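**Q** This is the structure I have questions about; it appears just below.
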């Protein structure tokens, strides 16, 4: 009997351990999923789908460059503890100094189990003349159709980790993507009415290739991506010479870059900088562009206004 009692205790212990190990952090357990997003854009899309069902940490601060970043001790801790990690992929956080690759490796996280690229399924555009892995243009979110892909990928992984809240996530996803889709369609109509000779988006970084393809507006830039030299005299000279051959009425400068190179271009061409726009980050809470939807609406409105001058 003593032997049987011992075996029963061991059996019960195993059952308890298995139950603890297999339990999901969902509404049933009373625990929220711990979710990490690499930047403010992905964090905002996640928040629109998950609401208060998760504990969310965004790594790269608002207004900072996600191409090359040095994670803080808090970022390392949050990543190590995370149930789910969302990153952009396509050469954003894994290009440059590869800060994200190092972060998840040190946190002992596994791709497609613990961390997921929200850009999965996007029709990738490459940097000019560099159609190869590691040379992808990462700025897919600047096409609202890709923002919808991001949202669907996020909702899919949230539902997989937290099935008890699947209906909640799917309801929010539908409402959110309908809103993005409406803005996308309205914006395409708006750009169709701008004269062809004025259609050129001029920015500091060449981040608007996805935007250009979506809304039928070519783009020009000083430098192609933030991981290369930025605003050299040769880069500025090349753009100035190009702009002198056009009738483009306005220039734009991004919120997360040094505006001095674009000011030089403006002075040399007598083309005014019409507005500051958003690429790699949303704005601070309470300011124009303080969500993914708001930053895209702001960009689309300002670019259309500037090119219609």
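Cβ atoms here come from the backbone N, Cα and C positions, even for glycine.
Owing to the predicted nature of the structure, the values given are computational and were not obtained by experimental measurement.
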**Q** If Swiss-Prot gives 67, 205, 280 as binding Mn(2+), which of 57, 139 does it give for that site as well?
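**A** Mn(2+) site check in Swiss-Prot: besides 67, 205, 280, the record includes 139 out of 57, 139.
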**Q** Three-state secondary structure of residue 205 (Mn(2+) binding site) from DSSP?
**A** strand
